[in-house]
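Below: one structure in structure tokens.
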């Protein structure tokens, strides 16, 4: 806990800090890296420290202001890192290995530089590792006496424990010494502890998250219009007081319910479709991911010319035939049996321009309220999910999700889906903004549509996505095992003091070798047992298998999925997998000493080698301490001496 309160932001602290501020201000957000429990734990530290959320988390290395309780914010990750040490000890004991082996595992967790660095900052990996180890320890204690995730990666550890529990349950069912009632109680206890409780906790965390965050925030637009309207500010401010029932003459914006690949609104602009496969050269209709005046449409009665709401208003109901008039160009939403530009099996949707050729307008649409309670339901703002069925061709208005070329300004393609396979979100729309039109004259109506309902810049900022380009310190999973990469977390603005996420190379290399040795020995023993040659006593074999299932399996479950992920990944993503390797390494060493060293002399020599190895690991950990804690400045010569691999990015000031 020493010197946790040094006052400058480092690397991903900027990322997590903004979410802590959101919690303090009760602003809604969603982070796709995992469930909200981890963020809530970090926010708890801020709450206990009296943080008001007022800090601009926009620059790595920015000095924290006096209102940011840095020590309190970093306390919970530090506690999780510290408690992982005795947890490692307990797990190895529960696997029925010796106290010396358990002490060895705890020592490795204690001196591993990467784990120390990660646990001393406002980051989540140490908390994830703690709960991973807690899940394993809890199950072992439960099993020997007869869950919950921070990031989504914790799900893989949960599935691992679930698999081991399933194997144990299968053996219990076959145990003839237990009564049927006893077996049933064991199975129910496992189902409660490993299925019911984790699901309840998972849902509870989201419930707390949504209850706490009641104000409009940066991620509103990925949610439904109804959800957005329930938040204070944002869409709720925009839609306050607007009419509930859509009437003929209403001015509306139509949002795609799907929200994929981006939240967007039905849109048109004066540009026409370019030459291409069967292009009609009509006015483009797209889906635009920003609020814009060109998103407004007027719901028109095909039998009347007026574009205003009558008094009293005539509500639009399920099954009514309507025309949608683009507010700014006054052209009608239209579709022909012409192939869409990017979706050849669907038909083009446009706003009709009369070129005086043999292609008459086909601009009638039947309203289908998907979530109606009866066939006479009225079309309601926000609440109603509707489809527009083209009267002439029965095609359904659909967001294809494809990005149009430059001539379509990279906006999203909208098509008429000819062969609709039942309900699909991409064919469903809802009215988000709504007002009763009162201006019949085109110029007056244009001014009415231009009347501001929100700050466009604000909404554009909220819908901007992060840069998907490669980060300077991103790496591939293959680089993690060999420690070919590092991350510069912090650099003192005046001196050469710095903090790096950098592993103990002796431990990382040995952990990988131990994993390979376990796999080879396991396969060898398995083949030998197949030939009825049992090299290990039955209890030693079962202990060896369980150790591998949990530790080697834990490494695989927390490492291999990264090869399937397309997101940018960093060295710290390997730390949960590494923690399982640190448990396995001392157990492999004990196994070699107990079962492969035949004589007392061999055992004595092997123990001496193990002591020498632990000493070298401690020595390397001590050498890397200046880069782990950043507590003192290093000379250029010292920094060069610590750059043991050319791929390590050690910052040297000249």
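Any Cβ shown, glycine's included, is placed from N, Cα and C.
What TrEMBL says about a protein is an automatic prediction, not a curated fact.
In case it's useful when we look at the structure, here is the feature table from TrEMBL:
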{"type": "TRANSMEM", "residues": "37-57", "note": "transmembrane segment"}
{"type": "TRANSMEM", "residues": "69-89", "note": "transmembrane segment"}
{"type": "TRANSMEM", "residues": "95-115", "note": "transmembrane segment"}
{"type": "TRANSMEM", "residues": "122-140", "note": "transmembrane segment"}
{"type": "TRANSMEM", "residues": "152-173", "note": "transmembrane segment"}
{"type": "TRANSMEM", "residues": "185-208", "note": "transmembrane segment"}
{"type": "DOMAIN", "residues": "243-302", "note": "domain 'MIR'"}
{"type": "DOMAIN", "residues": "313-370", "note": "domain 'MIR'"}
{"type": "DOMAIN", "residues": "374-434", "note": "domain 'MIR'"}
{"type": "TRANSMEM", "residues": "505-528", "note": "transmembrane segment"}
{"type": "TRANSMEM", "residues": "540-560", "note": "transmembrane segment"}
Counting Cβ pairs under 8 Å that are 6 or more apart in sequence, does the total for the transmembrane segment (69-89) and the transmembrane segment (122-140) reach three or more?
yes
I'd like the per-state residue tally for the domain 'MIR' (313-370) from DSSP, helix first, then strand, then coil.
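Within the domain 'MIR' (313-370) the tally stands at 0 helix, 26 strand, 32 coil.
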Looking only at the domain 'MIR' (243-302), what are its DSSP counts of helix, strand and coil residues?
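For the domain 'MIR' (243-302), the helix, strand and coil counts are 3 helix, 28 strand, 29 coil.
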Let's see if you can do this one: DSSP helix, strand and coil counts over the domain 'MIR' (374-434), in that order.
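For that range the per-state counts are 6 helix, 27 strand, 28 coil.
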Please report, as numbers and ranges, the same-chain residues at least 6 past the borders of the transmembrane segment (95-115) whose CB is under 8 Å from any CB of it.
81, 84-86, 88-89, 126, 129, 140, 501-504, 507, 543, 546-547, 550, 571-572, 575, 578-579, 582-583, 585-587, 589-590, 614, 617-618, 621, 624-625, 627-628
